[in-house]
Amino acid sequence: MALTTFSISRGGFVGALPQEGHFAPAAAELSLHKLQSRPHKARRRSSSSISASLSTEREAAEYHSQRPPTPLLDTVNYPIHMKNLSLKELQQLADELRSDVIFHVSKTGGHLGSSLGVVELTVALHYVFNTPQDKILWDVGHQSYPHKILTGRRDKMPTMRQTNGLSGFTKRSESEYDSFGTGHSSTTISAALGMAVGRDLKGGKNNVVAVIGDGAMTAGQAYEAMNNAGYLDSDMIVILNDNKQVSLPTATLDGPAPPVGALSSALSKLQSSRPLRELREVAKGVTKQIGGSVHELAAKVDEYARGMISGSGSTLFEELGLYYIGPVDGHNIDDLITILREVKSTKTTGPVLIHVVTEKGRGYPYAERAADKYHGVAKFDPATGKQFKSPAKTLSYTNYFAEALIAEAEQDNRVVAIHAAMGGGTGLNYFLRRFPNRCFDVGIAEQHAVTFAAGLACEGLKPFCAIYSSFLQRGYDQVVHDVDLQKLPVRFAMDRAGLVGADGPTHCGAFDVTYMACLPNMVVMAPSDEAELCHMVATAAAIDDRPSCFRYPRGNGIGVPLPPNYKGVPLEVGKGRVLLEGERVALLGYGSAVQYCLAAASLVERHGLKVTVADARFCKPLDQTLIRRLASSHEVLLTVEEGSIGGFGSHVAQFMALDGLLDGKLKWRPLVLPDRYIDHGSPADQLAEAGLTPSHIAATVFNVLGQAREALAIMTVPNA
C-alpha cells in the first residue's frame, strides 16, 4: 500500500539553528476518501528563494532592516487574487508574506513568533477555501497577522495595536474575513461548531475551519467542544497547530519551558508513530473484506495498535468523534493544499481534525533560537533582533509581586504558587527558579487552577493563584463555589488590572473588583504603589481563615521606597489611610487610581484649593470609619478607580446610603471606567478616553463645586 508521507524540513534564513528533536515521517490518512497516493519524495528544504540567495545569517537579517521587495505579495490584496497562482508562486508568496510580517512587527511590536509559524498554513487555507464565505477562525488570534495581510489590511499594518488602528487579534467589526473575535484561548472549536450547526439549519454549504494551538488545547472548553462536535456530527474542520508551546513562553528565564500536561506527551508520540499508521491501514483493509467475529478482532487490533504505540493521542480525538489526520508538516504548502482540498471535497464525514506540526518563529533566526520564540515583542531591529525597550528606573508590578512572594516563601514553606501557562507573564518563573517544587503551571486551565488551589488550601498550604484579571473570569464559578463558599484561604493575585494598552479590551482587567467584591467571604484589596503591593502580599499570606485577592496594574512601579528584601508587613484588614489633608473636597482613590488623585490634587491646588486624598486600600471590608470621616468633613467626595461600574465606588455608595451619609449636603461622584469596552491604544490615550486622567479628576472637582471656569481651564491647558 502506497502511503503519503510528511516530514518537517528546516527552512527560513540561512544560519538558522538546528531544531531540537526529530520529526519522524508519518502517514496522513484519509480512509473516507483516500488521498491520491504518490511516491515518497526525498526530504527537501522549503527554504525561501530570498533567503537561499543570502550566504550568511547576517546578510539574511540585514535584508529585513529595510522593507524587503515583495513583488508577488504586492499583487495580492485579497484571497481571490491567490487562486490562480502556481505552487511555486504560492511558496514565493509565503516567503514574501513572512518578510512582510517581520518588517511590520519590527515597527509596531506584537505577537511575532506565532504569526511566523503559520505563514504556509495561512497561505494554504486562503488558497483552498473561499473566504469569507468559508469561515476560518483563529484561536487566541496571536497568529493572525499573515491572515490580516492577505485579507485587505496590509496597508493598515503600520497601525497595528495603536490607537484607532488594527487590533492585534481577530475582530469581527474590523473585517468580514474575521469570522470570530478572539484574544482569549480555546474558544474557536465551540464557535466553529455553532457556525457549522447554524449553517446546517439554514441549508448552507460553506466550510468552517477552526485553527487552534496545542497550548489552547489544554483548556477544558476545547474538549467540551470536541465532545459536542462528535455528538452533533456536523461537518467542520479543526486544525491543531502543534508548535510544542503548550505553556505560553512569555519571558522565560532559563530557556524554553517544557510543554505542560499529558497532551504534549501524546502529541509527541503521534509525531513518531509510523508503525501505528501501518498497523491501522492493515486493520482497516481487513475490516473491509471480512465480517463477524473476525471483523471485531481486526478492529481490536486497530485499537490495540493505537493504545500500545501512540498512547492516547489519536484515540482521544477519535473517541470524541473527530476523524484524525496527521501529523502533517505545517511548512510544506504542497502537502497542506493536498490534504485541505481532499477534506474540503469530502462531505458528510462529520468533524475532522488535522494535526499540523509547525515551528514558532519560523524563518527568523533570532526568533527561532530565542527561549520565548519572540512570542510577544516590542519594536525591534530586524538586522540584530534587539528590541527597543526604554530603560526603566523601576521594576514592573509583576516583578515586585514575584519578589514579595519569594520573600514570603523564604520564611514559610507552606507558600505555593499556581499559574495558568503564564510563568513569565505573572513573574512566577522567578519563583519557580527559587522553589521548583512549590510552583505549579497547570496549562491554560484557569478553572482547574482555582480548584487545584482550593485543594492545596484544604491541606493546610498557602496557595497564591496568579492569573491575569481578564483570564480569571473563566474560573469565576470555581472562585465562588470551590473557594469562597467553603471559605478556603486561596490568595488571588490579579495581574493586568485596569487598562492594558495595546492588547485592548480582551485583556483589559476592568471587572475584577466588581466580580470579587460581591462575594461574602472575600477580602478585596488593591495597592497604590509597589511598596503597598509588597505589604498586600504579606497581608494575603497572613489571612488564613478566608480567601483574599489583590489587583495590580500592568507597567512599572512609581519609585517609592521598598521594604527590605521586598518582605512586606501585613496591613490591618479593612483600614485605609489619608495621604493629604485638605478641605471641602476629598478624593478617595482605590489601587492605581490613588496616583491619579495625587496628581489631580496638585492641579487643583494651583487654582487655590487644597483637597484631601485618601488611599482606600480595601474594597472589602471597607474602612467605614475613614469613609464617615471624609463624608462628614467635606462638601464633595469623589471615589476614583480604574475599574467598571459596580466596583469600589458602588460599595462606598451602598455603605453611605445605608449609613445616612447621603441624606445631607454631601455631593458624591464616582469616577470609573465607562460602561463600554475601550479599544486598544496607548495607555495615555485609553486613560483619557476613560476620563480618568488627573486633568479629568481635577475638572470634575471644580464642576461639582460649580466652578466651571476653572474646570474648563484645566481641560484646555491640562498642566495649567
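Just so you know, glycine gets a Cβ as well, placed from its N, Cα and C.
The thiamine diphosphate binding site annotation in Swiss-Prot covers H142, G183, H184, S185, G215, A216, N243, Y364, E446. There are 27 other Cβ atoms within 10 Å of the Cβ belonging to E446 (thiamine diphosphate binding site).
All protein chains shown were included, and the count of other CB atoms within 10 Å of the CB of N243 (thiamine diphosphate binding site) stands at 23. Positions annotated as Mg(2+) binding site by Swiss-Prot: D214, N243.
As annotated by Swiss-Prot, compositional bias 'Basic residues' applies to 35-46.
Feature annotation from Swiss-Prot assigns compositional bias 'Basic and acidic residues' to 56-65.
Summarising the annotation, Swiss-Prot assigns region 'Disordered' to 35-74.
The feature transit peptide is assigned by Swiss-Prot to 1-51, with sequence analysis given as support.
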Nonlocal residues around H142 (thiamine diphosphate binding site), in sequence order (Cβ under 8 Å, 6 or more apart): H111, S114, S115, G168, F169, H375, G376
Distance from D214 (Mg(2+) binding site) back to H184 (thiamine diphosphate binding site), taken between C-alpha atoms, in Å: 14
Separation of alpha carbons, D214 (Mg(2+) binding site) and E446 (thiamine diphosphate binding site) (Å): 16
Extent of the thiamine diphosphate binding site in Å [max Cα distance among H142, G183, H184, S185, G215, A216, N243, Y364, E446]: 32
Cβ neighbour count (within 10 Å, all chains shown) around D214 (Mg(2+) binding site): 22
Secondary structure of H184 (thiamine diphosphate binding site) (DSSP, helix/strand/coil): coil
